[in-house]
Amino acid sequence: MEKITLNPIARVEGTVNLPGSKSLSNRALLLAALAKGTTKVTNLLDSDDVRHMLNALKRLGVSYTLSDDKTVCEVQGLGRAFEWQNGLSLFLGNAGTAMRPLTAALCLANSGNESPAEIVLTGEPRMKERPIKHLVDALLQAGAEIEYLEQDGYPPLAIRNKGLHGGKVKIDGSVSSQFLTALLMAAPMSAADTEIEIIGDLVSKPYIDITLNMMKIFGVEVENRNYQRFTVKGCQQYQSPKTFLVEGDASSASYFLAAGAIKGCVKVTGVGKNSIQGDRLFADVLTAMGAKITWGEDFIRAEQGELSGVDMDMNHIPDAAMTIATAALFAKGETVIRNIYNWRVKETDRLAAMATELRKVGATVEEGEDFIRIQPLPLAEFKHAEIETYNDHRMAMCFALIALSDTPVTILDPKCTAKTFPTFFDEFSRISQ
């Protein structure tokens, strides 16, 4: 297996221009494909997950042109629901941001569509372990025709595009906000209004804000009543905004901001105080820990401070919260990250993976059902470990921070960062001294 060893880093300093946000990139591509008119999407993320979405859209008859560096995509919108030849199968890798929204969008029918066609959505083995039942249950209430091809509640799925009739739909919000995002994005093209009621506590609310914000940019307003009920008018058509700029990925910013907070000064550009991404709030956690944070319109800067552990609910920033788990090793006092059950249904079971790998470097860790408790280490007591990444891009990037100790760190399968940040280790090396 390929691996990379990072030697101890004395200091980090520099500016990192962030790649586009994965969450925004795949939402923008899907909305642009469904919208009337041509949309030029700029600062698109060039990564595995986005490639899976682009490949799927092409096979669904969407025309687009991609720049040589794959960061500008001009999408010819269909102005209608997707159509395909019966029996089409789409492979979506481990891209939840493609699997979930497409599951809902492919249920939609065009007027006059007399004979629904079947399509199969499948992916890597890990995708077949990632639950989708809450979304499918909600879509079935709205009139969808979906069947599980292997294990109940999990992909692969067979979908027939016989349409969604709207009406009252209940959806469980406790596992993933992507299920609600998928339902919201399909609802305007249903045959009638949809009233969505959330069961349980909605996780990752800031990701719903991204969805609602982007739907508005594409011409559709949603009535949001305190994240408990959403009303979406039916028989609508998305309208191209002509251009859409993808913000820098705030989750990807977290590794560099944490590095600056631990041992130097790092500025990230492409995301700032007006960002629509919830993970910008990661910087507030660093502030609470003692880092010096500066906010700009289009940048965030983190400078080294004396870091102290925190005990916080991080349900609102589940992806960026992983970075706090490794940064916690450099703080005084224990850190507890709470209300993160949905780590268990991500690219891997991130709670188990994080606890296992932190222990390898010498940390004392308690893994709860929905929390993790971490005791810090003196810099000289870190152990040189080989870090398993579990084909999870965020595990690889989080553990790069271990090199800010007095000990090297070896990361297995470093290329798994291609899911969201193919050049991560080059950028990390560039700011390291």
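Note that Cβ sites are derived from N, Cα and C of the backbone, with glycine treated the same way.
The structure displayed is predicted, hence computed values, not measured ones.
Taken from Swiss-Prot as is:
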| type | residues | note |
| --- | --- | --- |
| ACT_SITE | ASP319 | active site, proton acceptor |
| BINDING | LYS22, GLY96, ARG130, GLN178, ARG350, ARG394, LYS419 | phosphoenolpyruvate binding site |
| BINDING | LYS22, SER23, ARG27, SER176, SER177, GLN178, SER204, ASP319, ASN342, LYS346 | 3-phosphoshikimate binding site |
DSSP three-state assignment (helix, strand or coil) for SER177 (3-phosphoshikimate binding site)
helix
Which value in Å gives the longest Cα to Cα span across the phosphoenolpyruvate site residues LYS22, GLY96, ARG130, GLN178, ARG350, ARG394, LYS419 as recorded?
19
Where ASN342 (3-phosphoshikimate binding site) and LYS22 (phosphoenolpyruvate binding site) are concerned, what is their Cα separation in Å, rounded?
18
Could you tell me which of these binding-site residues, SER177, SER204, ASN342, has the fewest other Cβ atoms within 10 Å of its Cβ?
ASN342
Expressed in Å to no decimal places, the gap between the Cα atoms of LYS22 (phosphoenolpyruvate binding site) and the residue listed as 'active site, proton acceptor' is 12
Relative to the Cβ of GLN178 (phosphoenolpyruvate binding site), which residues of the same chain, six or more apart in sequence, are found under 8 Å away?
GLY96, THR97, ARG100, PRO101, LEU135, TYR207
Given a separation of at least six residues and a C-beta threshold under 8 Å, show me what packs close to the residue listed as 'active site, proton acceptor' in the same chain.
SER251, SER254, ASP279, LYS346, ARG394
Just give me the nearest neighbour of LYS419 (phosphoenolpyruvate binding site) among the binding-site residues ARG27, SER177, SER204, Cα to Cα.
ARG27
Which has the fewest other Cβ atoms within 10 Å: ARG27, ARG130, ARG350, the binding-site residues listed?
ARG130
Per DSSP, ARG130 (phosphoenolpyruvate binding site) is which: helix, strand or coil?
coil
Within 10 angstroms of the C-beta of LYS22 (phosphoenolpyruvate binding site), what count of other C-beta atoms is obtained when all protein chains are considered?
26
If you count the other Cβ atoms within 10 Å of each Cβ, which of the binding-site residues ARG394, LYS419 comes out on top?
ARG394
Other CB atoms within 10 A, centred on GLY96 (phosphoenolpyruvate binding site):
23
